[in-house]
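Accompanying notes for the structure given below.
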Amino acid sequence: MTTATVTVTIHEAPDVIQPRQHGKPGGLLRYCNFVTALILGIVLAALAYWITGMFTTGEALNANFVPIGINVQITAMYVGWVVGFMIGIGAFVGPIRWFLGRDLTHADAEYLAGRGQGRMKFWKYTTDHKIVGIQYLIVSMALLGFGGLLAMLIRTELGVTWAELFNPNFYNSIIGTHGIVMIIAMIVVVSGPLGNFIVPIMVGARDMAFPRLNALSIWLLVAAIPPLASNLALGGLRDGWTVYQPLADQAPVGMIGYQITIITFGFSTAIASVNLMTTIVKMRAKGMTWSRVPIFVYGIFASSLMGLIWFPMYQYSQWFALSDRVINTSFYVPAQGGSVWLYENLFWLLGHPEVYVIVLPGVAALLELMVVFLRKPLFSYKFAVAGIFGIVGLSAVVWVHHMYMTGWAPSSNYPFMLSTEMISIPISFLVLVMLGTMWRARPWTRLPMMAVYAVVWNKVIGGITGVFLSDVPVDQYMHGSMFVVAHFHYMLMGAGLFSAMAAIAYWFPKMTGRYLDNRWGSIGFWVAFGGFQLTFLSMFAAGLQGMPRRVLQFDSLFNVSNWISTIGAYIIGIGMLIFLAAVINSWRSGEIAPANPYGAKTLEAQVPTPVPPENFAVLPVITSDPYGYGSPDPYELEDEARRAALEGGEPAKVGAS
Amino acid sequence: MSVTEPLSPTTGEPVSVVASRNRLGVWFIIISCTTGSLSLLISYSYLWSLNVNSAWAPPNNAWATLWPFWAIFVGEILAGLAMRWGWKGMEKGDRGRMLAGSLISSLLLIAAFVGQVAQIMTFPFGPSDGAYASVTFWFALSNAGWVLLSSFLAFGIFNRTLAGKITATNASHAGLVAMWLVWLAGVAFIGAICTTTMQESPNTNSPDFGNFQEP
Amino acid sequence: MTIDQRPPTAEEGPEEPTNRPTPMHLFRNWLKRRYAKRLIWLTLIISAGWIAATFLAVYFMNMSGGPASAIMSEIELTMYVLAWVCAPLMGVTLAIALYSMIGGWGRVKGDKQPDQDGPGIRNNSIATIGWAVWVSALAAFLVVWGLVELANIQAFANGSVAANQQPNSQQSITVNVTGQQWVWTFAYPDQNKVTTDVLVVPINTPIYFNVTSKDVVHSFWVVEMGVKIDANPGAITNTGFTATKLGTFNIRCAELCGLHHAYMETQVKVVTQDEYNSWVRENGGVRLS
């Protein structure tokens with residue numbers, strides 16, 4: 001990116017009047033960290049459980065004959081956990097200081113940003129966007145590991161066709177937990193680490209717009225995970241990640257963990273989205289017009305926008321579900337006037353945009369990085385932006401394609417089939433941008449670039465099976481079968497996770513100062529990719545043969561495809577472990593990388609590694625977009641010559657090379 | 001950037017820059033909250049139109065009294081206006097107006113909260129008495145939550161004015177809270193308009209739960 | 001060099017024939033490029049492979065004995081049509097990516113940054129506009145085909161097919177389907193409420209289903225008939241089919257409905273009209289036709 005610099009130095013400005021300093025810089029937050037959060041969370045959880053236990057008798061039953069008392073107790077316990085954890089980490093210090101008028105001084109802000117602190121800053125309410133990015137990276141990798149482990153259990157059960165390894169309750173619980181853990185992990189895996197670490201630098205800002213909200217979003221996410229994980233100990237959430245009602249209302253109290261997690265995670269997502277979007281809109285460097293913004297930033301913006309708008313629907317659907325359990329309302333209890341279709345609508349109103357929330361940042365990251373490895377401008381930037389916002393627009397009006405077969409309004413299938421098939425147009429725009437950028441370029445075969453090819457393959461398979469599923473007649477056969485499972489794994493894992501791996505490999509040097517080991521990273525990546533094809537191509541076959549999803553045992557007709565799937569899944573597991581080992585090893589002792597390891601022109605490649613505290617010594621001014629690669633086109637020159645020759649009436653002298 | 005404009009102590013930027021950033025952030029939060037409240041609207045109108053198992057209406061058709069919804073709505077509107085009036089005064093340098101406006105606003109919000117709790121206590125049905133009761137409870141509950149949060153904000157503005165943090169050149173927080181209170185009234189309005197306009201379900205022939213009609 | 005591109009004025013008379021290259025000529029020139037031919041071949045091979053794969057897909061669909069109804073035949077036809085119209089697009093996409101990956105345009109190995117940039121192509125209006133038109137036309141075709149087919153299968157399912165198009169003009173049969181954890185129950189209200197847990201239907205007779213549930217959401221899936229509808233508590237949904245093949249086919253639950261969801265399956269027996277009549281009599285019903 002061509003940049004000029006202006007001298008807007010800020011911290012040395014002597015005339016900034018400071019508010020009164022109360023105590024040492026940082027105040028109460030000096031004493032808050034992960035350990036105090038854990039202790040307070042557990043204490044409050046126990047306290048809430050005990051106190052509500054004194055007031056509930058445990059005899060009253062709700063509409064589904066589940067005792068209300070224990071529901072109230074468990075709910076109080078989880079709420080106590082979340083509130084206690086957030087108090088312990090120091091999340092409430094900010095609002096209270098605001099209320100009291102004790103605004104942060106510069107020294108306070110420096111302390112909060114983790115300046116001059118050791119590794120402890122990773123365990124605290126630290127506001128620096130680079131710290132938050134690393135925290136997100138660790139958390140999302142832990143979530144992916146947990147979800148992956150559950151996936152291995154699922155495939156083991158399905159591969160062992162001759163016996164039941166798990167009881168139905170446990171099996172149904174692990175499919176539900178696997179689903180929702182992976183969804184949460186995939187929502188944060190690009191927007192979290194890279195959106196927080198890279199985007200502010202990429203747009204030329206010194207930090208996010210709201211640094212303290214940034215810390216709040218990551219710690220809310222951390223607080224949200226234990227309720228979800230603990231459901232396995234509390235009877236499980238045995239209803240799939242969609243937790244359709246009223247089945248979920250029958251489930252054991254583990255379901256409350258799911259509901260509390262989604263509500264907490266909803267706040268986390270909304271806060272993170274607001275923060276990212278405000279940063280992108282308001283804090284771009286001088287001269288970075290909307291036509292000079294790197295495409296990755298557009299991807300993050302679009303993803304945040306969809307999450308911001310639609311996540312509350314999902315959150316409210318879980319509020320209602322929780323109140324059905326705890327105060328016995330009847331949103332989803334048909335006998336008392338509730339409707340299962342209400343739940344399905346509210347759920348899928350987020351449920352479908354969420355797919356794009358997951359996929360868009362990853363794909364945008366690929367667009368951003370492939371340019372660098374192909375040494376060619378991004379092909380048709382405007383087309384890419386149009387594609388991204390086309391997806392955002394259409395994502396709002398396609399949710400009913402998950403409900404074609406529910407019978408809630410058969411005539412609505414016609415318009416929603418139309419809108420669903422329309423969405424292939426903006427998606428294909430992004431494909432064209434990828435292909436046009438590859439066109440006649442010489443790829444530099446590093447791992448991130450090779451991952452682009454892998455993702456194109458996965459996207460094509462996922463996309464074309466999506467065409468089948470968007471068609472109501474075909475969906476009438478496919479809906480609820482393994483075909484659907486294979487399709488969305490191709491999109492969410494094949495396009496989403498593999499592009500996240502590429503993006504993390506690409507920005508790894510900037511985040512850690514070291515190269516991600518290309519050799520072992522690639523081996524892990526391609527082993528996982530191969531296993532992925534095996535697993536999910538044969539899962540398509542199982543679906544076509546008529547195997548429903550979420551079953552524990554099945555007709556022997558489906559045995560062969562399930563055996564192949566299970567072998568493939570283990571191969572994915574091995575590949576992912578190799579990749580993880582490469583990440584950990586490179587982080588500890590990889591080759592030291594220079595500030596701009598791949599010769600990129602975006603702003604984040606221009607700042608030193610490790611990135612200095614305020615990112616930029618002087619704020620940059622942007623004079624062009626970051627895609628100024630390319631030499632004159634030899635074919636163009638040749639065509640010019642030929643045209644000139646033809647028009648001059650002379651025979652063409654230049655042959656095709 | 002005017003010469004007299006104060007700079008933010010933490011980032012050194014002019015406070016107007018920070019204020020415009022904050023305003024956008026609040027707008028985004030309002031968008032998010034709007035879709036959240038829309039899901040209440042969807043729930044209400046959808047369950048109203050379906051009347052599943054003929055269980056929409058509360059027992060004995062004991063609908064909620066309507067005027068409290070509107071009273072609370074008006075209270076919130078007035079709270080927002082008071083805050084705005086104070087904020088405009090503060091921008092002209094009138095600290096007294098800011099103090100008065102934010103105090104009136106906070107008291108109105110507290111009153112709205114108390115009214116909301118009283119309404120919840122006196123509903124002629126419990127939360128388990130059918131779909132209408134469920135959604136109406138949720139209108140009231142969510143409004144109570146929002147009002148409580150907002151009264152914290154309004155009192156905060158009052159307290160910050162006392163502490164000298166809200167000044168003629170840096171009054172943006174008061175403006176933001178005024179903006180937020182307009183949205184708060186919006187939540188109350190959704191509840192009020194739903195309960196007023198949609199009462200008796202239009203579907204009088206809903207299938208019985210788990211049974212087929214006789215041919 | 002400047003080329004006069006003004007339109008001919010009246011004084012100049014009609015335009016002289018020039019030897020400016022025609023689009024066809026430019027296209028032929030483009031085809032002379034080495035990669036152009038190779039890409040076309042790759043596209044053709046990949047598209048052909050995909051078309052072959054669709055036969056495999058439909059083979060998988062028919063492994064348990066389908067298609068057993070006109071709806072299922074329509075679904076399989078739609079599978080073919082959708083796959084084939086998408087084949088060229090899929091072929092082009094994968095061909096370009098594959099060609100780039102295997103180094104058709106050259107590639108740079110090792111960990112040293114390439115010293116040479118690629119051609120600085122920022123846009124190509126032929127490519128973008130052509131692509132947008134192509135994809136939009138494709139999507140439009142898919143929508144139109146889908147809408148027509150949907151209207152078709154809805155007609156099959158809900159009994160609005162004109163009498164002369166029905167396989168025969170016999171009276172239809174209505175079946176009330178109740179899902180509950182974890183069994184299906186079928187009641188024949190017209191046949192004196194015969195109730196059974198294995199669906200028995202006569203061939204070539206329209207069967208209409210009213211579906212509901214006693215507890216949670218189930219999904220009534222008659223696999224080889226290509227029919228599926230959710231069974232919702234507190235609501236009744238409708239579907240239907242006309243069996244065209246004798247035999248025993250599968251009914252499964254396609255919506256997670258609790259612990260024993262996997263075992264919530266039964267069968268549909270398609271029998272001749274006579275066999276059906278005697279089955280109804282054996283079960284204490286009356287054939288009303």
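For all residues, glycine too, the Cβ spot is worked out from N, Cα and C.
Bear in mind that TrEMBL entries carry predicted annotations, made automatically and left uncurated.
Per TrEMBL, transmembrane segment is recorded for A:28-52 (among others). Sequence-distant contacts of the transmembrane segment (A:28-52) (same chain, at least 6 residues past either end, Cβ-Cβ under 8 Å): 72-74, 76-90, 93, 111-112, 120, 123-125, 219, 223.
Per TrEMBL, transmembrane segment is recorded for A:72-93 (among others). If one looks beyond the transmembrane segment (A:72-93) by at least 6 residues along the same chain, the residues whose Cβ comes under 8 Å of a Cβ in the stretch are 27-29, 32-34, 36-49, 51-53, 56, 124-125, 215-216, 219-220, 222-224, 226-227, 234, 253, 256-257, 260, 264, 322, 325-326.
Residues annotated as domain 'Cytochrome oxidase subunit I profile' in TrEMBL: A:123-623.
Summarising the annotation, TrEMBL assigns transmembrane segment to A:131-154 (among others). Tertiary proximity for the transmembrane segment (A:131-154) is limited to same-chain residues at least six positions away from its ends with a CB under 8 Å from its CB atoms, namely 113-114, 121-122, 166, 171, 174-175, 177-178, 181-182, 184-185, 188-189, 192-198, 208, 214-215, 217-218, 221-222, 225, 229, 497, 504, 511, 569-570, 573, 576, 580, 583.
Residues annotated as transmembrane segment in TrEMBL: A:174-203 (among others).
Residues 71, 74-75, 78-79, 82, 176, 180, 184, 187, 191-192, 195-196, 199-200, 203, 205, 208-210, 213-214, 216-218, 220-221, 223-225, 227-231, 234, 237, 243, 293, 297, 300-301, 304-305, 307-308, 311-312, 314-315, 318-319, 321-322, 325 of the same chain lie 6+ residues outside the transmembrane segment (A:256-281) yet bring a C-beta within less than 8 angstroms of a C-beta in it. The annotation transmembrane segment is assigned in TrEMBL to A:256-281 (among others).
Feature annotation from TrEMBL assigns transmembrane segment to A:293-313 (among others).
The transmembrane segment feature in TrEMBL is assigned to A:355-374 (among others). Nonlocal intrachain contacts for the transmembrane segment (A:355-374), taken as residues 6+ away from its ends with a CB within less than 8 angstroms of a stretch CB, comprise 183, 186-187, 190-191, 194-195, 294-296, 298-300, 302-303, 306-307, 384, 388, 391-392, 395, 430, 433-434, 437-438, 441-444, 446, 448-449, 451-452, 455, 459, 488, 491-492, 495-500, 502-503, 506, 598-602, 627, 629.
Among the features that TrEMBL reports, transmembrane segment is placed at A:381-402 (among others).
Taking Cβ pairs closer than 8 Å, the transmembrane segment (A:414-435) reaches residues 363, 366-367, 370, 378-380, 383-384, 386-391, 394-395, 397-401, 404, 452, 456, 459-460, 463, 466-467, 470-472 in its own chain, all 6 or more past its ends. As annotated by TrEMBL, transmembrane segment applies to A:414-435 (among others).
Sequence annotations record features per position, and here TrEMBL assigns transmembrane segment to A:447-468 (among others). With a threshold of 8 Å between CB atoms, the same-chain residues lying at least 6 positions outside the transmembrane segment (A:447-468) that come near it are 362-363, 366, 369-370, 373-374, 421, 424, 427, 431, 434, 474-475, 478, 483, 486-488, 490-491, 494-495, 498-499, 501-503, 505-506, 516, 518, 521-522, 525-526, 529, 532, 537, 540.
Residues or ranges marked as transmembrane segment by TrEMBL: A:488-508 (among others). Counting residues 6+ beyond its ends, the transmembrane segment (A:488-508) has Cβ neighbours under 8 Å at 137, 144, 182-183, 186, 189-190, 193-194, 197-198, 355, 358-359, 362-363, 365-366, 369, 372, 447-448, 451-452, 454-455, 457-459, 461-463, 465-466, 514-516, 521, 525, 528-529, 532, 535-536, 539, 579, 583, 586, 598, 604 in the same chain.
Same-chain residues lying 6 or more positions outside the transmembrane segment (A:563-584) and placing a CB less than 8 Å from one of its CB atoms are 141, 145, 148, 151-152, 155-156, 158-159, 161, 501, 504, 508, 516-517, 520-521, 523-536, 538-539, 542. According to TrEMBL, the feature transmembrane segment maps to A:563-584 (among others).
Non-local neighbours of the transmembrane segment (A:381-402) in the same chain are 291, 295, 298-299, 302, 305-306, 309-310, 344-345, 348-349, 351-353, 355-356, 360, 364, 367, 409, 412-413, 416-417, 419-420, 422-423, 425-430, 432-433, 469-470, 475, 625, 627; each lies 6+ residues outside the stretch with a CB under 8 Å from one of its CB atoms.
Beyond the ends of the transmembrane segment (A:293-313), by six or more residues, the same chain brings 187, 190-191, 194-195, 198-199, 202-203, 266, 269-270, 272-274, 276-277, 280, 284, 346-347, 349-350, 353-354, 356-358, 360-365, 367-368, 378, 381, 384-385, 388-389, 391-392, 395-396, 602, 625-626 to within a C-beta distance below 8 angstroms of the stretch.
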